[in-house]
Amino acid sequence: MSSKLFVLSSVAGGGKSTLIRLVREKHPQIAFSVSCTTRPPRPGDEEGVTYFFLTPEAFERGIRENEFLEWAKVHDHYYGTPRKYVEECLAGGRSVIMDLDVQGAALLKGKLGNTVVTIFILPPSEEEWERRLRARGTDSEESIMKRIRNGKQELSRRNEFDHVILNDDLDRTLSQLESILLSSEKH
Ligand code: 5GP
């Protein structure tokens, strides 16, 4: 069994965080790469569990010292994958799930080829997606509008992914995701 890097991307409000939480609970043998970010914590965030929260200075030092496997600026904040944990998992034969934006997914696919399996979670419709984004109640209107603009660009790149899963029913979406994770793990 060879270890893989599974990259999950979506638009903000696409339902990806819920899916990742369920997969982490059900399949603890697959490691989860906790990213670093300079965005402020939101309700529900937990240091070291959802993200490592860094100052811009600390993040920029990490870039200079090559500590990130990849990094990107998303919605005005830095986000990056700590290199060491992912490399240790792969060396130990353990697969890793990563939650990345579309730029990070494309970059890693280009860099690591078939070691990376990219999966795009597609919201059921634009109306439903906007409704979910507003229902979170954690973002300002300005930030919601920015996420919608960025999201439309991200949606247009979904064909670059190895798999696209329509998230119209949580149970069905989860089982489709599990079948990709578990079948790819066996190869
Ligand atoms: P949020 O602030 O809503 O948690 O995440 C915003 C976006 O940043 C999401 O699209 C998420 O997938 C992406 N993201 C989170 N961590 C990383 C990372 O380490 N690298 C990249 N490229 N994107 C990330």
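Including glycine, each Cβ sits where the backbone N, Cα and C put it.
Here is what TrEMBL says about this protein:
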BINDING   S10, V11, A12, G13, G14, G15, K16, S17  ATP binding site
DOMAIN    3-182  domain 'Guanylate kinase-like'
Cβ neighbour count (within 10 Å, all chains shown) around V11 (ATP binding site): 26
Binding-site residues whose CB lies under 6 angstroms from ligand 1, from A12, G15, S17: A12
For the domain 'Guanylate kinase-like' (3-182), mean pLDDT (0 to 100): 93
Cβ within 8 Å of the mean position of the Cβ atoms of S10, V11, A12, G13, G14, G15, K16, S17: remaining residues of the chain near ATP: I121, P123, W129, R132, N167
Candidates S10, S17: member of the binding-site residues with the richest Cβ shell (10 Å): S10
Neighbour tally for G13 (ATP binding site), based on other Cβ positions within 10 Å of its Cβ: 22
Three-class DSSP secondary structure - V11 (ATP binding site): coil
